[in-house]
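Chemist: The [4Fe-4S] cluster 1 binding site feature in TrEMBL is assigned to Cys36, Cys41, Cys47, Ser275. Look at TrEMBL and you will find 48-264 tagged as domain 'Radical SAM core'. Taken from TrEMBL, the feature [4Fe-4S] cluster 2 binding site covers Cys62, Cys66, Cys69.
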Amino acid sequence: MERKRLPDYLKRGIIDTEKTKLVRSILKHKCLNTVCEAARCPNKAECYAKNTATFLIMGNICTRNCRFCNISGGTPQSIDPQEPLKVAQAIKELNLEYAVITSVTRDDLPLQGADCFRNVILETKKLCPSIKIEVLTPDFEGIHDLIDIVADANPDVFNHNIETVRRLYPKARPLAKYHRSLDFLNHIKEKYPNMKTKSGLMVGLGETFDELKQTFFDLDAVGCDIVTVGQYMQPTKHHLPVEKYYTDKDFENVKQLAKQAGIKQIVASGLVRSSYRAFETYNDTNY
């Protein structure tokens, strides 16, 4: 199948600012990864300018193979025991106000990396007491004890992406389960009711507006505070094809569907990614 051409309204040049150069320099020196750099995110200059960044911990090799994701699969690297301190030091050197910590999926580890998230949160809050931290984690196979390891470290926002509508899970996320992700978010809200929860999904994989609306209702039912929606863009010819590029009007419709379903904070447009304007959205939830 021929790949659909990316519309002009979804194209944004990569702006190389002094802040992006500084970020790259510090990351290289500390041997750290960010999703911003690894994915060549078009929003990174804007985020860096607002003192936010998204750190990718536990290496850059994933133990799963979701058909929409450009993260490499294979045999993961060993865990760097100094990574929590390195991340905390980088956040301090960059004078960040809001940091997002995410990871590849590490089903190979005894605690699936939950302890790594905990250690990064605790080390960062120790070195940068005023920092706000959002975590974006894998599903930990739905094991509540692993979720609790992360939540007990008290991140300000706990994000777990549902990614797509229920029907498309076998095609897009064969090793994940829709109901498992909902249970994940529900568990956090039930056990940690004051913790902000967040989830995100892509559009353009063949879902319908009715399916999106049902997904929003499902997320609202588990108390999800913030939802992000962005356009899926096919990374390579080996990934799932784009079935549709959403227009600005489509995204306005998506926002209305989310609001009708009860979602308190919805961020939706073509270039939105999970961490886009994360700090502003977090502040907006403090009503």
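Note: Cβ is positioned from N, Cα and C throughout, glycine not excepted.
TrEMBL annotations: computationally assigned, not manually curated.
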Chemist: When a 10 Å sphere is centred on the Cβ of Ser275 ([4Fe-4S] cluster 1 binding site), how many other Cβ atoms does it contain?
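Modeler: The Cβ of Ser275 ([4Fe-4S] cluster 1 binding site) has 28 Cβ neighbours within 10 Å.
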Chemist: For the domain 'Radical SAM core' (48-264), what's the mean pLDDT in this predicted model?
Modeler: 91
Chemist: If you run the three-state DSSP split on Cys47 ([4Fe-4S] cluster 1 binding site), which class comes out?
Modeler: helix
